[in-house]
């Protein structure tokens with residue numbers, strides 16, 4: 001029968017490679033390469049929304065690319081926006097309800113979080129710039145989610161706009177219609193003069209510089225693990241995240257998340273993950289760069305770096321104020337050993353030797 005051999009080879013576990021897979025488990029994977037890429041002057045955008053990955057009930061996402069000077073036009077959303085820079089550098093600008101503002105340059109690994117309704121824009125600073133966008137609503141494309149500045153101005157009577165700004169109506173003769181989304185520009189050189197409310201800093205800051213912080217302890221010695229949530233990035237109240245980099249062959253230990261679905265973006269390397277959704281149902285998936293996934297709320301799973309030479313890099317997102325997980329080994333180690341031994345039919349000495357501390361990433 002008809003087949004796409006290239007795709008089949010990239011997904012060997014879809015061909016029954018794992019004998020432990022069982023039952024009907026829905027597709028939990030979406031490749032950004034299967035999304036429609038929207039081309040703009042100065043950049044491009046491709047999305048993953050609930051229509052692409054129906055099992056992602058909490059999160060939608062996008063990859064966005066800006067050339068030097070290109071601007072994602074001024075706008076705001078009905079939902080929160082989380083961004084991670086993974087190529088080049090960008091300038092973000094935002095203003096909150098109190099008139100506090102923030103204008104900062106972000107580089108690789110830096111994150112922003114804009115609460116719902118916060119006005120903002122992003123500009124590319126290097127020759128080529130790219131970042132991941134995440135939103136705390138799975139149906140991001142529905143009407144009433146995004147509000148673009150020039151679209152609003154163009155759809156408001158000209159005399160009202162002029163009265164609002166105290167300007168001649170002719171000033172607004174060239175407002176774009178329809179709105180451009182992303183457009184070419186020149187790199188900003190103007191400084192913002194502080195208003196009375198001042199600058200967003202400290203706990204109010206919309207920016208978190210991941211790689212300037214220490215990673216979380218990894219007793220399993222299998223890689224590097226950063227946690228970014230409201231405990232260390234107070235502004236990020238509705239989206240919690242991790243930035244994970246296991247070594248070749250490394251394993252994100254068997255675990256589950258008690259407080260939210262897990263949405264994933266695989267940035268570099270190759271991975272395998274089996275997801276257990278209860279009632280004897282399990283399915284294994286293969287992932288590569290640009291793939292996304294949604295693991296059901298409380299489902300048991302692992303993620304393994306299948307490369308012998310290359311680090312794996314991925315990002316996890318939760319619609320929550322914090323990252324939370326329960327590892328299988330720690331659970332069993334903190335349960336009476338004789339009960340564990342009787343349940344799994346293993347020697348009690350083995351049950352007594354299990355690690356009582358989270359291992360996170362195993363080598």
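Every residue, even glycine, has its Cβ placed from backbone N, Cα and C.
Unlike curated entries, TrEMBL annotations are predicted automatically.
Note that this is a predicted model, so its numbers are computed, not measured.
Region 'Disordered' is the annotation TrEMBL gives to one range among 1-22, 23-44, and that range is 1-22. The Cβ of residue 301 (Mn(2+) 2 binding site) has 254, 255, 256, 262, 273, 274, 275, 276, 295 as same-chain neighbours under 8 Å, each 6 or more residues away in sequence.
The Mn(2+) 1 site is set by 75, 77, 81, 120; from the centre of their CB atoms, other residues of the chain with a CB within 8 Å are 76, 114, 118, 119, 146.
When the Cα of residue 316 (active site, proton donor) is compared against those of the binding-site residues 75, 77, 120, 257, the shortest separation belongs to 257.
Sequence-distant neighbours of residue 77 (Mn(2+) 1 binding site) (same chain, 6+ apart, CB under 8 A from its CB) are 114, 116, 117, 135, 145, 146, 147.
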